[in-house]
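Undergrad: So Swiss-Prot says this about it:
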type	residues	note
ACT_SITE	LYS183	active site, proton acceptor
ACT_SITE	GLU233	active site, proton donor
BINDING	GLU277, GLU414	Mg(2+) binding site
Amino acid sequence: MDNLQSIKAQFIAQINAYQPEKDRDIVVFQCNTETTFSLLAWLKAQQYYPQFYLHGRDGATKWASIGQVRQFSDVSAAAHFIQEQQLALLGGLQFYGDALFVLPRLLLQQRQDGMTITLFIDGKQFEQDKLVALACLSTFEKQTALQTVKQEISLISQKADQAEWCRWVEQGLQKIKQGELSKIVLANERCFKTAAPLAATDLLAESEKYNLGCYHFMLAESEQRAFIGSSPELLYRRHGLQLKTEALAGTAFMGEDEQQNQQQSDWLLHDKKNEYENQLVVDGICQNLQPFVQQITIEKVELKKLRKVQHLRRRISAQLKAGCGDKDILLAMHPTAAVAGLPQLEAKQALRKLENFDRTWYAGTLGVMGPAYADFCVTIRSAFIEQAENDSQLCVFAGAGIVEGSIPLLEWREIERKAMGLVSLLQQNQL
C-alpha cells in the first residue's frame, strides 16, 4: 500500500537522522495516519516475533505488534517500567500466574478514525538496535490475504473423555460437599488435526466475523505456535482510578431457534444453581478488590448472549484508592472464581491435582497495560495452533463451573458447546 510505503520511508528517515542521547532508555518514533486496513492480514505478512493482537470487546480499538525491545516476566518490574517510561506494555498472565509483558518493536493501534504506529528502539544500544528495527521494517508495507478456514478436521486426542471428565466433576463435587470449596471450574483440552495448514490469523479473522461481542486475541511467540481466542469475558478495564469488571458465570444454550433461545434465557435468569454460581463470582471479585478500592457498585444481573451459549453477567465498577495500580489489581483478581473457583488458592491447588494438563495461557489474561489505561480480557474460548509441514494441530480448551447441584453429564455438554465456538468455524454447514 502506498500509504504504508510512505510511513515506512518516514520511519527510516527519522531513524537515520536521529542523534543518540545519553541516558535515553527507549527511543520512540511515531506516525499517525487515517489509513486503516486489516491488522490480521498485516500480521500474517510479518516475519518477526513475538506477535500480539487484541481486538477490544467494544470494537472501537485494535492493537497489533511484532518483535520486542523489552520483555518482563515479573508484574512488578513491568509496572515499574510503565511508570518510569510512561509507555504501555502488551501481555498478561498465564492461568497459574507466569507473566509475560513486552514493549514491542512495532505497535499499531487502530481506532475508528485512523491509526497510530509506533516504533521503539533501545536507546542504550541505539546503533546496534536500529539495525534490528530497520530489518523489522523490511516487510512493513506488506499484507497477506486472509484465507477461508473451512476444511476437514479430525479429533486426535483429548485430555479426558466424557467418563473421565465426569469423574473429575464428581471429585470436585466431593470437595464442595466436604466444605473445602464452594466452586471449582474444570476444563478439558481437545486436539484436532487439520487436513491442510491452518494460519492462526485466518482462524481468528473468521472468529471475528461470527463470534460477536467478544475480545479477539492472539499471542504468537514463534511462527510454529500461536495462542488465539474469542473471549466474552472482561477481567478489568481501568481509566485512571476508575475500574470496571464483571462476573460472567452461569450458562445456557443458544441456537438457531429464537423461541428456544428465549426459553433458555428465561430459565437461566430464574435458575437457582446458575444464580448461585454467578453470585460466588461476584463475592470473589469484591473480596479480592476490597483492599484496593474505596467503593464498589454491583449492577443487576443481565444476559450476555453469544453464538453458541448465553451467560449471566453482573457488571461491577469501583474507584481505586490512590497509589493502587495494575500490579495490585492483576495479582489480586486473577484468576477469578469464573475460571478457577472459590476460595481462589484452594481452587487452584485442587485443579493442579484433578486436571491432567497445564492450562498455560488458557483462562489466563491478556491485554494492554499503560500509565493511565489498562484493558485485560480473560483468555477463555481459546486454542493453540501448532504448525507442521503439511497440516496443523488445533488444541481447543473449554471449562465449566461446578457448584453444589451440578450434574456431570450436563456440564460435559456445556464444555462441548463452548468448544464449538471455534471448532465450528472450520466445519462445513456448522455456523
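Even glycines carry a Cβ here, placed using N, Cα and C.
Quick caveat, the model's predicted, so the values are computed rather than measured.
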Undergrad: Can you give me the Cα-Cα distance between GLU277 (Mg(2+) binding site) and the residue listed as 'active site, proton acceptor' in Å, rounded to a whole number?
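TA: Checking the Cα atoms of GLU277 (Mg(2+) binding site) and the residue listed as 'active site, proton acceptor' gives a distance of 8 Å.
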Undergrad: Including all protein chains shown, what's the count of other C-beta atoms within 10 A of the C-beta of GLU277 (Mg(2+) binding site)?
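TA: Taking all protein chains shown, GLU277 (Mg(2+) binding site) has 28 Cβ neighbours within 10 Å.
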Undergrad: Among the recorded positions GLU233, GLU414, which residue has the largest number of other Cβ atoms within 10 Å of its own Cβ?
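TA: Answer by Cβ density within 10 Å: GLU233.
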Undergrad: How far is it from the residue listed as 'active site, proton acceptor' to the residue listed as 'active site, proton donor', counting Cα to Cα, in Å?
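TA: Between the Cα atoms of the residue listed as 'active site, proton acceptor' and the residue listed as 'active site, proton donor', the distance comes to 18 Å.
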Undergrad: Cα distance, GLU414 (Mg(2+) binding site) to the residue listed as 'active site, proton donor', nearest Å?
TA: 17
Undergrad: Let me check the 10 A CB neighbour count of the residue listed as 'active site, proton acceptor'. How many other CB atoms are there?
TA: 25
